[in-house]
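Reading through the structure tokens given below for one structure.
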């Protein structure tokens, strides 16, 4: 078998006809500066070809569903295995997808509860026992005397099919009627029905039609017994006139599960009963999502204003006449409940607030007056603002109105199920004393301990008590058991053994990749890219496949240095199973642990696309041409700043933060500094900074419609004028967006073209040089430059427009030139070339210089934003912020800005961040990178662990002070950083005070805070 994967003549994107040999069944890391071609080689060439060859082997019919990848621009690839990509861009956005469902642990939980779960009555908590036919007969006669009844035996429940054969068989057996999907039919009629084959149906056999009289007990008992036998333990009884208002009512009886006191019946327990994606288990109110979009009083009411002053926001907006229409009713309501419409909302009594929002629930008198005279007097009702908005939202057919109303809504836990997603009768089924929602709500680590104790028969009440008070339901609450059962019994233990083994194996893999803090019910759309990737990595390790090529994109993202060892161990386990690993990575530990290292470069974009060095980590480390090698051997490094900024003496203070796992923490951020928030994965960093601090600042300073997490108060906001979050999200969602449009430089370039003699002679305005509007763009391709051709079972192809040949503009527009270049030529310039070309235009030259400063000189200014990496998008945003005049009152929030960045890129990034801080601005950065930590003025370390074991402030202070902290994991790793000398930690009570001006043992600070230096 070939022992090498050989790529010959790769020219995809910026690759320069490279040939590279990779050892098979080894752990290979590809590194290099951002934009050097790492992902192009790993994903767009090697993975794309592996996937394409596999899909091409399938039938043409199958290919049109899978989507064939385009053949990469490469001469040949040999030694290629089937490829699986584990990147960060395929996180599920489905609210039904959770950690448990993605890892398949939830599937095993459903099986466990269906096979060994103990059902209890959701009303009284009594253990549900079987019902015999005689007990069912007694219940019917006692509960519905002299009522007409139709006894039905369930034959089909929620299954697909046409059931013609079933109907024919039933007629031969002597039955006369059936009920199909809730409608009664003669069997002759039923046989003529054309049921949808691929839709789910319910079919019940009519056993008997009778009146429930004591004199007919023997007939009733006989029919009940037959019905239960024919329905395999279940019997439905339809009572046509026993319901409310004389309507129909239906009873369900089970030979197996029913509470003798309340009659609570549980259908036969099956795995689908415990799925929140199935109508058999899901809460009927929220359909198993666990949350509902509801109108938020916080978004509807401005508490600082009075009703007369416009407190009811949707009724005071321009164009909303509801305020005028309801004004007389509101005045009458105020008289009725004795409150003043001119009183600020926050000072109104709770009863008045409730009446305005939800209606008073009673009629009251309204007097209409016009010109001071009474014109009408009558009794009326007031539905309430929220009820009014709900009605309008349900009735409107206008997409615009729907979107406007959705701005006033937010996702809130379902009031019926309390966010558990399940019906109360499903929550009443327990294993080891806990229901399925309670076990899903545990962290991975707690769940592993619980199932181990269950497996070993060592469970007791003390072990499950911390989990009993939550996940019991909302208004449809499930009563706790009267008597708990902790063990499974001999039979149950034998049935559960293989299920528990499978659950614990998968939990162990999640622990190994550093995700022990996640709960199994955590929705997938709330996971970071790194977390989602490591979950899929754990799933792949659990699959036990061999001979596969795994291509991974920075699996260490979001991991604290303390968790890196476990991740690397998992990657090696995957390799040891007999797989090849190709990992795009910038983490130093991962590089040094690899079997083989490839360094791409030397620069980015047109300056990259070459293999600079390859070999073992030690060989690359000693390579004189390798930039990565210079950093690995310490010849180049990011220097520790000579001193820490003390800040401007003012603070932004958060008190009582307690969202998610935060444990009532107080933190102080010194303004005018670069503050880095650190801590293990899941310790509460994003909750504190994003969910509480950023959400509050965005609402108060920027007027955003955000809903912050739980906290007591935030002080110091008056010192700031705006908050800006600089993340790695795309700068635009369409190919029409590009660096030139985002930075605003395209507007200036178009204005420049309008001032050329030719444009003036023709009367062209700035719009003529836009490819987004009619006039100057090529109308054949609508300014896209390419035409999409659908190929059905072949991949769609994009070909240059045959009219403009990819230029995007029509011939007349391209006849206008500035310094011998058309507008299309200018958009095709790199930032470096554009900087030189527009040297005489200060406004454009300055913005190009800033893009150069952040390391984007290789990028074309007209490059579609959809092709930019997250790191590139973030640096464009940073350059745009640097181009603005510094006020010293802006706070910037960044979440792991070093994602996708090489050591050299981090150095450039730190230069830019230090420049922002030098302008007196405040930076708050969530980061695990030690180079960023050591460059900070102030650190806030959360922990000590993730999940329920985190959420507290472990240490605060300068990097030197945190390094001296005895229990901080961050401090432990900072102590190993050259140039950081541990200083005495400050007293805990001083955490909110002004950080000391700490000296670090480094050379005198130069103009740039972080610089590239040659080691002595």
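Keep in mind that glycine also has a Cβ here, set from the backbone N, Cα and C atoms.
These come from Swiss-Prot:
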- 32-39, 679-686: ATP binding site (BINDING)
- 259-286: zinc finger (ZN_FING)
- 315-627: domain 'ABC transporter 1' (DOMAIN)
- 647-975: domain 'ABC transporter 2' (DOMAIN)
- 778-804: zinc finger (ZN_FING)
- 984-1016: region 'Disordered' (REGION)
- 985-996: compositional bias 'Basic and acidic residues' (COMPBIAS)
Arithmetic mean of per-residue pLDDT over the domain 'ABC transporter 2' (647-975): 90
Fewest Cβ neighbours within 10 Å, where candidates are the binding-site residues 34, 36: 34
For the zinc finger (259-286), the number of residues DSSP places in helix, strand and coil: 4 helix, 2 strand, 22 coil
Which same-chain residues, if any, lie at least 6 apart from residue 685 (ATP binding site) yet have Cβ under 8 Å of it: 677, 678, 679, 926, 942
Candidate with sparsest Cβ neighbourhood (10 Å radius) among 681, 683, the listed binding-site residues: 681
Protein Cβ atoms within 10 Å of residue 32 (ATP binding site), excluding its own: 31
Which same-chain residues, if any, lie at least 6 apart from residue 38 (ATP binding site) yet have Cβ under 8 Å of it: 30, 31, 32, 584, 600
